[in-house]
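**Q** Pasting the relevant annotations from TrEMBL:
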type	residues	note
TRANSMEM	12-40	transmembrane segment
TRANSMEM	87-111	transmembrane segment
TRANSMEM	123-143	transmembrane segment
TRANSMEM	149-166	transmembrane segment
TRANSMEM	178-194	transmembrane segment
TRANSMEM	200-217	transmembrane segment
TRANSMEM	224-246	transmembrane segment
Amino acid sequence: MAEARPAGPPPWLEGLTICGGAWVLLVSIPLALGGIGITWDGLNHHLYLGWTAQHQRFDRDVVAASYQVFQFPYANWPLYKLALSGVSGPVAGVFLASVQWLAVPAVWMIACRCIPGRDWFAAMFRAFAVVLAFSSGLVLSFFDSTINDLIACIPLMWAVAFSLPIPKDDGQTCSPGLRFVALAGLLAGASVALKLSNGPVAAALPVIWSFGAGAVASRWRTMAVGIVATGLGFTMSYSYWGWLLWEYAGNPVYPFCNACFQPVRDLLGWKP
């Protein structure tokens, strides 16, 4: 008989240790560097989008940051406000790193779903998984620069975390339930609104929802709830910006698919 592994820390202590330790390490990056770096792209693109988020400027500037000015701008607003407030570089860096830290609990929850177990072996593997998730040079560079890319991914990571089956002590799994699926859908829709390139990942979530336990009809119902919630989350998050783009260009996702909206513009009699 195999020797039983020693019991690991309780889940609340494991999560507190991993997430708390991650916050200390992540905020130490801008503190060690004395602030955050603003590249030309960050100044000409991200800060300008933050300005656009507060004051729509379509009728004042001519593609000041090329067609990037038509991206969903609200993830860039915190950086813009910090730049205007005159706070020091380290303070701004700590604040932005703390916002991006919200991805850590989601990654740890995903690790808990994928690496079940209450022993130290499983706990160490979950901690290692969280470290690996934030160890690439690309991810680490976000903590010394602008934050829109990681902010746009945070709701999607939480959506994945809420969608995965929940492991039980007996080795079985249970479905997350309709409430968690609906919440996951809302978050996935918001993530797509923040960055349209998150769409392919969000579109794969129904595959995860279909793996739930229960009859086929129950699985279809779960998928339907998640898909409707995703559409609702996108609509709630994107509707105002989409309306601004419609008034300006007759296309709520301008400059994409512009020709596809020509029949709609003709039908509604839209004029620039």
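One-based numbering along the chain as shown.
Keep in mind that glycine also has a Cβ here, set from the backbone N, Cα and C atoms.
TrEMBL: automatically predicted annotations, no manual curation.
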**Q** Going through 123-143, 149-166, 200-217 one by one, which has the most CB pairs that fall under 8 Å from the transmembrane segment (12-40)?
**A** 123-143
**Q** Pairs 6 or more apart in sequence, C-beta under 8 angstroms, 3 or more of them: is that satisfied by the transmembrane segment (200-217) and the transmembrane segment (87-111)?
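**A** Answer no, regions not in contact.
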**Q** Are there residues at least six beyond either end of the transmembrane segment (224-246) with Cβ under 8 Å to its Cβ atoms? List them, or say none.
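**A** Distal contacts: 56, 58, 70, 72-74, 163, 178, 181-190, 192-194, 202, 205-206, 209, 252-254, 270.
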